[in-house]
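For reference, Swiss-Prot has these:
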type	residues	note
MOD_RES	Ala2	N-acetylalanine
REPEAT	44-81	repeat 'HEAT 1'
REPEAT	83-119	repeat 'HEAT 2'
REPEAT	209-244	repeat 'HEAT 3'
REPEAT	248-288	repeat 'HEAT 4'
REGION	311-340	region 'Disordered'
COMPBIAS	314-340	compositional bias 'Acidic residues'
REPEAT	367-404	repeat 'HEAT 6'
REPEAT	423-460	repeat 'HEAT 7'
REPEAT	464-503	repeat 'HEAT 8'
REPEAT	639-676	repeat 'HEAT 10'
REPEAT	808-848	repeat 'HEAT 11'
REPEAT	850-883	repeat 'HEAT 12'
REPEAT	1101-1137	repeat 'HEAT 17'
REPEAT	1141-1180	repeat 'HEAT 18'
Amino acid sequence: MANLQVSGILEKFQMTGKDKDYRYMATSDLLNELNKDSFKIDLDLEVRLSSIILQQLDDVAGDVSGLAVKCLAPLVKKVGEERIVEMTNKLCDKLLHGKDQHRDTASIALRTVVAQIAPTLAPSILVTLTPQMIGGISGQGMSSGIKCECLEIMCDVVQKYGSLMTDDHEKLLNTLLLQLGCNQATVRKKTVTCIASLASSLSDDLLAKATVEVVKNLSNRNAKSEITRTNIQMIGALCRAVGYRFGTHLGNTVPVLINYCTSASENDEELREYSLQALESFLLRCPRDISPYCDEILNLTLEYISYDPNFTDNMEEDTDNETLEDEEDDESANEYTDDEDASWKVRRAAAKCLAGLIVSRSEMLTKVYQEACPKLIDRFKEREENVKMDVFNTFIDLLRQTGNVTKGQTDTDESSPKWLLKQEVSKIVKSINRQLREKSVKTKVGAFSVLRELVVVLPDCLADHIGSLVPGIERALNDKSSTSNLKIEALVFTKLVLASHAPPVFHPYIKALSSPVLAAVGERYYKVTAEALRVCGELVRVVRPSTAGMGFDFKPFVHPIYNAIMSRLTNQDQDQEVKECAITCMGLVISTFGDQLRAELPSCLPVLVDRMGNEITRLTAVKAFSVIATSPLHINLSCVLDHLIAELTGFLRKANRVLRQATLITMNTLVTAYGDKIGSEAYEVILVELSSLISVSDLHMTALALELCCTLMTGKSCSENISLAVRNKVLPQALTLVKSPLLQGQALLDLQKFFEALVYHANTSFYTLLESLLSCAKPSPQSGGVPKQALYSIAQCVAVLCLAAGDKNCSSTVKMLMEILKDDSGTNSAKQHLALLSLGEIGRRKDLSAHAGIETIVIESFQSPFEEIKSAASYALGNIAVGNLSNYLPFILDQIDNQQKKQYILLHSLKEVIVRQSVDKADFQNSSVEKILALLFNHCESEEEGVRNVVAECLGKMALIEPEKLVPALQVRTTSPAAFTRATVVTAVKYSVVERPEKLDEIIFPQISSFLMLIKDGDRHVRRAAVSALSTFAHYKPNLIKGLLPELLPLLYDQTVIKKELIRTVDLGPFKHVVDDGLELRKAAFECVFTLVDSCLDQVNPSSFIVPFLKSGLEDHYDLKMLCHLILSLLADKCPSAVLAVLDSLVEPLHKTISFKPKQDAVKQEHDRNEDMIRSALRAISSLDRINGVDYSHKFKGLMGDMKRSVPLWEKFQTIRNE
């Protein structure tokens, strides 16, 4: 049927003759038929269709020939190879030898064919197309128009099929290189683009040939300047196209470009511009190989960022005197301008090149601050606005990079970027203030962007400069010529600066600041209004930072702020963002100024409650009441309290999890502050709702619900009815919860407080509760035994319960638990297990020495044949000792000396003692310390790894208590002939590192290298321990190791490499098994790199790590691949330019990972593991896809294309990208 319709359409073409409209309609009908999925075609129709469409391409009516071109796209997909080759030949003939007026159409048609042909047909088409295009480019007498068309078509061809035409690469490259010397600028420009597109698929030899030829052209000093400029552009384009592969050619190209920069004539600005652009490409795409030239490039950018030979700046230094303002504005307006002056291009290129160096060389930040920062600040006065924006952006890059690499570090070191930045703050503010007085809105927006980034990096740096900045903020908000963008930027900065500085700093300027901000609240544009309301929130805190008097009279500002916000709060016809900001801000106003707004509260509070009825503003209103309830002013809520509690109780039933969490927090604050004003009936309803929220499936919600229960029980209004409701509704849920192995963290702490409150405040029988808790440990027929982790939770609740019930009840419970141990000795019952853990938990909190022989009873459980019982006994003994060190520590030490067979268990008991003491900072007696150290050092060489690990942890925690004794003792043993001893002492150092500042830090700092340099030890166990220690230092105390990293990093990277000598084959009879003894070491090394990238980026040179080490890891064992995917994602986020430079080399291992399919007979575990691996790789690919400039990599684009063609893979990728 479709063929009959097409035949009818073809007959129309023969009948239409000279009538253009008929020809148009016939072509349109044909296009519609070709686009139908049901359209099928036979050989005869192929010939007729292709002939008619090619004929229509020559139609004198442009709209008809345009439709004919569109017909080619679906036609190419539906005709055979022979027909496509025939059409390609005819189109080439039209392009090369046809009439001039048909050339454009033929070119577009050819590009359409190239875009649509299937990859399987591409080789046949290329055999026909490529020689003719090469002929069109190089042929004698060919016009520049034909050359340009051929170059554009070849550009499309090599971009899509470059890897399929390797046989033509050399001939095509030679042809293109000759065109770089063409007299026509358009031909040269398109040649540069074509060579760059071809470059990514060229072999290394041909790439070298291209580079050598271009450098040779540049060496010809007699060449025309425009030819030289083209060749410089070619160098930059090649580098951008091939990335890290260009690195080997930098030795030949960088000196030539620097020479052109410095020796170009004064009028040849474009030569300098292109040279600097090429150098920027080198910095971003070849960060590893450009390293030797970075200092020289830095000096070059600093020279040319102020290059302005036609203009002399004789203006005197800026002052902050406001009387000069008008004069300066006039000066700005009448600045030197010259349409022929192109020096601004050089300055812009220099600024961008400097930005490239800043973002790619984090290790040079200190040098950049010392040499470039003052120059950049000086260039804020740049007279060309576009260049000024680039200078601002470069400085913002510097600030952001400072924030990235100094995250979590102190700024006391005089060589640290943050410290150096602090020294420049005054100059920055002075220069920015001048920019804020400029007339240009764009300039002022850029200036505020710089200030905003400055405050993000150095939150408290503007305290001494607020007075000079306020006029600029006022002008930005008050000036009628100000745009919304400028107002938003000024408001965002104001909010940041108010939030990050001490309130008294702003008190002299509150009047000047508040007026324009409150005016902005009334703006029509919602984004300005929302931002102004956020500023008001910060302003409220600044105006009255505490209810105690601070010598500042805040009262004049209360009603203006309240009125401005109230007008927005009551206006329903506005954007959701404004509504939410108004609610949040009003919550702060009432919380802070409530005592001054008593007359207004009865009209304001009902509006906030009303906003809780609207689903859009409900969550924000709930949070606002939490702020009001925590106010030290104890705001009178009587007019809305009952309604408020009823609304909140209803929200506990809502499906919205975030709303339920916010509701629990708000209810807790309300019950704490207004508990005696809330009726017990309301509490009983609340408790019913709370019971349904206590579940192991949501521990955060559970913790909040339990906290509210405790508040209800401990409040003044706790009645017998409330206690009964808690026992009947909540207690059963709590007893179910305590049996879960997943219970941990805040939920476990709140559960302990819940049991404590039950005994203290809710008149609950201690023995009933205790029996209920102990019963939780009994195995049930349905669920079997209670998990080990649950027993620990139950034991902690038992201990808290006993202490809350008083000494008498506590003592009787301890006796009962001891009886259980006597009666059940030799069994593996949960009852005995729980008894041991409970004694440990009680003993840790209370001295149990009054119970004679308790230690002997506990230690008898060491004889148990069951490991769980022995472990629990060890835990119990150590914790009981914590309750009375002088009584029990000598006993444990004596037992370790005399009980050889029980040493491992006893060492765990000692570990419990030491770990608890290191946290509580309790001191041991000297005699005990000496005895403990002697004992621990004696066990350093134990054959059992478990013993050595316990010893290392004990030594590490002892170092926190006695650093002066431990650090030298550990250091001495780093040179021990026994490898196990060396490994144990470096592991001990790892355990001594904690997040909080310690006296140990200053003692270990000078000695730290002797421990970490064991990374080059001959024994792999020692190396692994050193790597693990380095990782821990990098995470918690990066400042201690920064100075060692230049020496440590190459050694660390070496540990990521597969070592053949560590791979062995074990003969298992029927089959052989390969064992890789270096796997755990490599895993530890990659984990350490991940930590270093996160905490010490300014010391890590990512370029030297990614290739070859990360690339190798992406092809290593399953566990290491997953780690490397994480590292790659982190690097893509923190230093994208370094990743972009070597991206092509990373695509293949990622492609292999996502394409891998397990064998058909693989077990489910292998399939699951492979799915995890694919998802891990897709996350890394998603991170790479977000890098700006990733489109330069044809290989990565190919990877994304392959993924799109695989529907299941693309769906997984989209899911991950949307997470």
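In case you wondered, yes, glycine gets a Cβ from its N, Cα and C as well.
Sequence-distant contacts of the repeat 'HEAT 3' (209-244) (same chain, six or more residues past either end, CB-CB distance under 8 Å): 173, 177, 180-181, 185, 188-189, 191-193, 195-197, 199-200, 202, 252-253, 256-257, 260, 268, 270-271, 274-275, 277-278, 280-282, 285-286, 288-289, 1107, 1140-1145, 1192-1193. Beyond its flanks by at least six residues, the repeat 'HEAT 12' (850-883) meets 788, 791, 811, 814-815, 818, 821-822, 825-826, 828, 832-833, 836-837, 839-841, 843-844, 889, 891-892, 895, 902, 905-906, 908-913, 916-917 of its own chain at Cβ-Cβ distances under 8 Å. Sequence-distant neighbours of the repeat 'HEAT 1' (44-81) (same chain, 6+ residues past either end, Cβ-Cβ under 8 Å): 3, 6-7, 10, 13, 20, 23-24, 27-28, 30-31, 34-35, 87, 90-91, 94, 102, 105-106, 108-109, 112-113, 115-118, 121, 124. The repeat 'HEAT 6' (367-404) shares the most Cβ pairs under 8 Å with 423-460, out of the stretches 423-460, 464-503, 808-848, 1101-1137. Among the recorded stretches 83-119, 248-288, 423-460, 464-503, 639-676, the one sharing the largest number of Cβ pairs closer than 8 Å with the repeat 'HEAT 17' (1101-1137) is 248-288. Residues of the same chain lying 6 or more positions beyond the ends of the repeat 'HEAT 11' (808-848) and with a Cβ under 8 Å from any Cβ of it are 766-767, 770, 774, 777-779, 785-786, 788, 791-792, 794-796, 798-799, 802, 854, 857-858, 860-861, 863-866, 868-869, 872-873, 875-884, 912, 916.
Taken through DSSP, the repeat 'HEAT 1' (44-81) splits into 31 helix, 0 strand, 7 coil. Proximity of distant same-chain residues to the repeat 'HEAT 2' (83-119), defined by a Cβ-Cβ separation under 8 Å and at least 6 residues beyond the stretch ends, is recorded for 46-47, 50, 54, 57-58, 65-66, 68-69, 72-73, 76-77, 125, 128-129, 132-133, 135-136, 139, 142, 145-146, 149-150, 152-153, 156-157, 160-161, 164. Ranking 248-288, 423-460, 464-503, 639-676 by CB pairs under 8 A with the repeat 'HEAT 18' (1141-1180) puts 248-288 at the top. Residue counts for the repeat 'HEAT 2' (83-119) by DSSP state, with H, G and I taken as helix and E and B as strand, are 32 helix, 0 strand, 5 coil. Listed by sequence, the residues of this chain that lie at least six past the ends of the repeat 'HEAT 4' (248-288) yet keep a Cβ under 8 A from its Cβ atoms are 207-208, 211-212, 215, 218-219, 225, 228-229, 232-233, 235-236, 239-240, 294, 296-297, 300-301, 304, 307, 309, 342-343, 345-346, 348-350, 352-353, 355-357, 359-361, 1101-1104, 1107, 1137-1138, 1140-1142, 1189.
In terms of DSSP helix, strand and coil, the repeat 'HEAT 8' (464-503) has 31 helix, 0 strand, 9 coil.
Averaged across the repeat 'HEAT 2' (83-119), pLDDT in this predicted model comes to 90.
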